[in-house]
Amino acid sequence: MSAPPSTSPAQSENPPPENEGLTVDSGLTPAGPTPSQSRFQVDLVAEAAGVTTGQDKTPDSDASPQASGDSAAPATDVAPNCSGEVAAGGEEAKGRFRVVNFVDPSGASSPDAAPSDGIQNGDTVMSEGSLHSSTGGQQHYHYDTHTNTYYLRTFGHNTIDAVPKIDFYRQTAAPLGEKLIRPTLSELHDELDKEPFEDGFANGEELTPAEEAANKEASESKGVVKFGWIKGVLVRCMLNIWGVMLFIRMTWIVGQAGIVYACVIVAMATVVTTITGVSTSAIATNGFVRGGGAYYLISRSLGPEFGGSIGLIFAFANAVAVAMYVVGFAETVVELLKNGDMLMIDEINDVRIIGTITVIILLGISVAGMEWEAKAQIFLLVVLITAIFNYFIGSFIPVQSKEVYGFFGYDVGIMMENMGPDFRGETFFSVFSIFFPAATGILAGANISGDLADPQMAIPRGTLLAILITGIVYMGVAVSTGACIVRDATLAVTNATVNCTDAACKFGYDFSSCKPPPGELSSCSYGLHNDFQVMSVVSGFGPLISAGIFSATLSSALASLVSAPKVFQALCKDNIYPGIGVFGKGYGKNNEPLRGYFLTFGIALGFILIAELNTIAPIISNFFLASYALINFSVFHASLANSPGWRPSFKYYNMWVSLAGAMLCCVVMFVINWWAALLTNVIVLSLYIYVSYKKPDVNWGSSTQALTYHQALTHSLQLCGVADHIKTYRPQCLVMIGAPNSRPALLNLVHAFTKNVGLMVCGHVRITSRKPNFKELNNDIVRYQRWLLNNNSKAFYTPVVAEDLRQGTQYLLQATGLGRLRPNTLVLGFKNNWKTGDMKDVETYVNLIHDAFDFQYGAVILRLREGLDISHIQGQDDASGMKDVVVSIDMSKDSGADSSKPSSKATSAQNSPAGQKDDDDDGKAPTQPLLKKGRHPTMPLNTTDQKLLEASQQFQKKQGKGTVDVWWLFDDGGLTLLIPYLLTNKKKWKDCKIRVFIGGKINRIDHDRRAMATLLSKFRIDFSDITVLGDINIKPKSDNIAAFARLIEPYRLKEDDMEQEAADKLKAEEPWRITDDEIEMFKAKSNRQIRLNELLKEHSSTANLIVMSMPLARKGAVSSALYMAWLDTLSKDLPPILLVRGNHQSVLTFYS
C-alpha cells in the first residue's frame, strides 16, 4: 500500500479512536472501492506500549486511491504513530486493525472524532463512539481479506470472523447506530484467490428505496426532537380519549342508562380499547418501529394490501376528525356568544368563522414543529385535568342555589334512584354508540411512532396506562354524577307534597310537574336527562368546565392534525398508491411532512365549512374501529402463522383474545351505525383489491407470508398421506426449457394447460466440466424466478449443475418437487438440428426420453416448424438493462457453464440465453415483443429469425376460431386426450374445437366412430368431430419412402460392407448407428410414420395445434438415429405439433 500522507492539523488535534479492533475513522471519505476490490480495508497499527497519545497522527491510508483493499500492495505499511518503529514484514508485525469507512472526497476532517480508548487486550471490540457516525451518513466497512488477514484479531486470534454485534443486524444507517456488514460466508470459506462476494443484504433484509431514503433523512438530521413515553404517548392518548363527551354527554348517558349500565357501557368500551392496546403493544415490541403509526403496524404485520387500505382511510379519518373537534369547539364558543347576545352573523356562519380561525392557529402550532405542539398539548392537559378536579371538588360542596338545577350533593337516595336505566327515546346500544367514540384515540401516541425515543417501551406503557386512567375517570364521573344529580329538575320550584316519592322530595323539592311518563321526553330543562351543561353547575368554578371543553376539543384536534400527515407521509413513502409521493417529502430536523399538514388543513377546512358533521361522524368512528379490528387481527394472524420472527417482548397478549377483540370491533361498528359499517367495509375491500391488483414491489416479512408458508407446508404434508386417485390426476410438468425466456413458445403452451391446474417446473441444466459457480447459480434462481412471476407465469425455476445434459436431467427427474407436488411429465422441445449437430447429443436427447419412461414419467415433445430457441436473438439486446436483477451478474463469466454445448445455438433442446432482457419492467411481458426495438441499437433480424420470433409468440395471443386435432392412435392412459381438453378450457383457446382422429378398419368405420363417441361422452369431453382413419395402413408414397431412406443413409452402420469385428467396434463406439437388421425389422413402423405424416398434412394442415400419440422405441432395439428419423418424419412441415405419450396409467375415468 502506498505511504500515507501526513494528516492536517485538524486531524491531529482530533485523532480517531484507536481501539483494539473495529473502530470507525469517520473523518475522511474517498470515493470507495471498485467492484473488484475487497469490501474490507485494514490499517495496520503495530502493537507497542504507549502508542496512542492525543497528539499522534494516524496513517491517512484512505486518502490514497490504492488504499481500498488492493491485494497487490505489500502488507508492510509504515505506522507513523508507533514510536518510530516500522513493521518490516507480515511475519514480524503483530498488529491490530481498524476498519476505515468511505470518507468525503473533500478531505474535510470530522470535528466529532472521538479520542483514543487505548488497547483492549487484543480483543476485537468497538468503542461506543464508533457506533455512531460523525457525519450521520451510511458507512461501509472494508476489510482486506487477501493480504492482511494475518492482522485481523478476534479473541486474540488471526481471523476476520466477527463476534455477535447488534450493528450487524441493522437494516441501514439510522440514528441508533451504523449498519455493519459482517464477513460473508464466501470471504471466510472461499479460496484466497477467489474474489469475495459483493453482497448486499441477505434473507429479505434489503430495503425499499423509500425506506432507504427515510433512513438516510433520519440519519442525517442532528438535534432531532424525540419524546419519551409520558410526553409522547401518555399525554396524547389521555387528551384524545378525554373528549367533550366527558363534560357534555357523560351526565346524559347516566340519566338514560343509569349508573350500572353507564359503568357497563364504559367497561365495554374499555375492554375493546384495552384489547386493542395490548395488541398494539405486542406489534410495537416485535422489532424496531418506524414512523407511520397504525399504518406502519398493520402494513408490516399483514402486508401492503391491508396496510395500504387502512393507511389511506385512517389518515383521512384523522383529517376529518380535525374538523369534527374544531366544529365541536366552535359550537361551544358560539353557544357562549349566543348566551351573551354577541353573535357575529348567525349561528352556522359563526361556527364556520371561528372554526376557520381555530384550524389556522392549530396549523401554525403544528408547522412550528413537534416540540411546540408537545408544549401546547402539555398546557391543554393541565387545563383539562384542572377542569376534572374542579368538577369533583364542586360535587362535594352542596350549594342551595344549585338545588333548583337538580344538584343536591351526594345522597344514597339519589344514587339508588339513578342506579337503574330510564331510556327515553334511546336503547342501551344507541347510548353505547354515542359514548364509544369518546373511548377512541388510543393510537394517538402510536401515530407519531417515528418521533418517539423508544417506541417499543413508550407505546405499550403510555397507551395502556392512558386507557386505565381515562377509564377510571369516566367511571368515576358516571358514579359521581349519578349519586348527586337527579334526572329531572326545573326552576319552577314546587314544594314537596305528601304524594311526592322522588329522591328530591326529602330535600323539599317536587319536580314531578315536568317529569314525563316512562319512555317519553321530559319538559324539564335541567337534571341529568335535560341539561348537557350540568357539570358546569356542579363544579366549583363554572368557567373552568368551559375551559376543559375547549382543552378537550383543541387537544384532540391538534393530535389528529399531527397524526394524519405522519401516517400519510409513511404511506406516501412506501409508494403503495401512485401520484401521492409528493406528500411524503419531509422538512427540517424532524422530517416534518409540511405538505401533508397543508393537505390535512385543506380537508379539515372543507368539512368545517360544511359545518354539519352529524352524517360523517359515524363513518369516521367506523374508520377508527376498522383500524382497531385489523390491529387485533394482526396479532392473531401473526400468532397463527407461528413464524419464528414473531417474538414480541410484550408477553401479555393472547391470540384468541386478540381475535375476540377484532370481532368485537366489527360488532361495535354495526352497533354504532350499520350503514356506515357497510360503507367502511366496502371502502376497505375496494382498496384491498386495488393494492392486491397493483402488487407493490415490497417485502416486509408480513404474517401473510408466514401463514402462506405455514399452510403450504401443512397441506403438502397432508397430501403425502393421501394416495393418488384418477379423479385428482393433473399433469405436472418438468419442462426442459433452459433459461425461462429462451423458449417462450414452449413456456406459454405448457403454462396454458398447467396454469391453476398442475405444477410446472422449468428445468435448466448448466453444463460445466470446471468447478461450478454456485454463486451465479443462486443468482439465476432469484433472477429467473422473478422473471417468471413478473410475466405471470405460474411456474418454478430449478437449475442444476452437471457434466452433461443427461446427468442433469436425471438429477431433475429424481429430485424435483416436494412430496406429492412432483412432476409426472417430462416436456422437451424437438431437436431441430439433430441432422447437423453432434450425434452424441442426439444419443443424449433420445436417452432423456428413455429415462423419463424409466422413472414412470409421461413424455411430451413440442415441435414448431421455425424452431423454439430465441436466445441468440435476445443476445442482440442489451442484457445489462434488466431492472429486476437482485445482484450484479457478469454474464460473460463462465460461459461454459450453460448447456449450449450439446446442441446448436439456434434450435437446441437445452440451451441458456446469452443474456437476460429487461422486457419484464412493467410485468406485462407476455403481451410485448421479446425484443424492444428502439430502446437499444440492434442489428436488423434476418428473415429466418424474424419468423422464429413471430412463431415464438404465437401462444401468447388469443387463438381464433380453429381446431385442436387430437390423433389418439394408441391408448397411453388418456394423457393425449387430457392435455387438449385442459387447453381448450382456457380463455385463449376456448374458441378452438377438438377434433379426434383414430385408427381403424375400412369395414368398421361407423362402429369405431360410435365407440369413440361413447367413450368421449362418458369422459365428459366435448368434441366437434371424430374421424376414423381406415387407410392408415396403406403403403406411403414412393417419393416419401425414398426421402426417408435418404434421411437415414448417413447414419447407417452398413455392416455388410465391413468385417464383423470392425462393425461391432464401430457400433460400440457409435451406438446411434442404424444396422441393416434394424432397418428391416422396423420397416413397417418406419412406413407407418411416413404414412401418418401424409395423413396429417391431408387432414390437419390448418389446425391451430396437433396433439398426437408419440411413437415408442424399445431400449436397446431401436437406435437413436432411427428414432429421431421417425419423430422427424412424423412431425415435419406441419403446424405446431405436440407428441404425447403418457406412462400408461389411467388419467381419465368415467366413474364418479
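Please read every residue number as a count from 1 along the shown chain.
For all residues, glycine too, the Cβ spot is worked out from N, Cα and C.
Taken from TrEMBL, the feature compositional bias 'Polar residues' covers 1-13 (among others).
If you look up TrEMBL, you'll see 52-69 (among others) marked as compositional bias 'Polar residues'.
As annotated by TrEMBL, compositional bias 'Polar residues' applies to 897-914 (among others).
Summarising the annotation, TrEMBL assigns domain 'Amino acid permease N-terminal' to 144-195.
Per TrEMBL, domain 'Amino acid permease/ SLC12A' is recorded for 232-734.
Annotation comment: TrEMBL describes 743-1152 as domain 'SLC12A transporter C-terminal'.
Marked as region 'Disordered' by TrEMBL: 1-90 (among others).
Annotation source TrEMBL lists region 'Disordered' at 892-942 (among others).
The transmembrane segment annotation in TrEMBL covers 229-248 (among others). Same-chain residues lying 6+ beyond the ends of the transmembrane segment (229-248) with a Cβ under 8 Å from its Cβ atoms: 273, 325, 328, 332, 374, 377-378, 380-381, 384, 387-388, 435, 437-442, 444-446, 448, 451-454, 457-459, 461-463, 465-467, 469-470, 473-474, 477, 532-533, 535-536, 545, 548-549, 551-553, 555-556, 559-560.
Taking Cβ pairs closer than 8 Å, the transmembrane segment (260-289) reaches residues 176, 241, 250, 253-254, 296-297, 300-301, 419-421, 428, 431-432, 435-436, 438-440, 442-443, 446, 449, 452, 455-456, 459-460, 463-464, 467, 471, 474-475, 478-479, 482, 628, 631-632, 634-635, 638, 645-650, 652-653, 657-658, 660-661, 664-665, 668 in its own chain, all 6 or more past its ends. Residues or ranges marked as transmembrane segment by TrEMBL: 260-289 (among others).
Through the fold, the transmembrane segment (309-330) approaches residues 243-244, 292-295, 298-299, 350-352, 354-355, 358-359, 362, 447, 549-550, 553-554, 556-557, 560-561, 563-565, 567-568, 570-571, 576-577, 599-600, 603-608, 610-611, 613, 616-617, 620, 623-624, 626-627, 630, 680, 683-688, 690-691 of its own chain, all at least 6 residues removed from its boundaries and within a Cβ separation under 8 Å. Annotation source TrEMBL lists transmembrane segment at 309-330 (among others).
The annotation transmembrane segment is assigned in TrEMBL to 351-370 (among others).
Here the transmembrane segment (376-393) has Cβ contacts under 8 Å with residues 231, 235-236, 238-239, 242, 246-247, 365, 473, 476-477, 480, 535, 538-541, 544-545, 547-552, 554-555, 558-559 of the same chain, all six or more residues outside its ends. The transmembrane segment annotation in TrEMBL covers 376-393 (among others).
For the transmembrane segment (425-444), same-chain residues at least 6 beyond its ends with a Cβ under 8 Å from one of its own Cβ atoms are 233, 236-237, 239-241, 243, 245-246, 249-250, 253, 256-257, 261, 265-266, 268-270, 272-273, 276-277, 280, 293-294, 463, 466-467, 470, 474, 519-521, 556, 559, 563, 617-618, 621, 624-625, 627-628, 668, 671-673. Look at TrEMBL and you will find 425-444 (among others) tagged as transmembrane segment.
The transmembrane segment feature in TrEMBL is assigned to 464-486 (among others).
Annotation comment: TrEMBL describes 594-613 (among others) as transmembrane segment.
In the predicted model, the domain 'SLC12A transporter C-terminal' (743-1152) has a mean pLDDT of 80.
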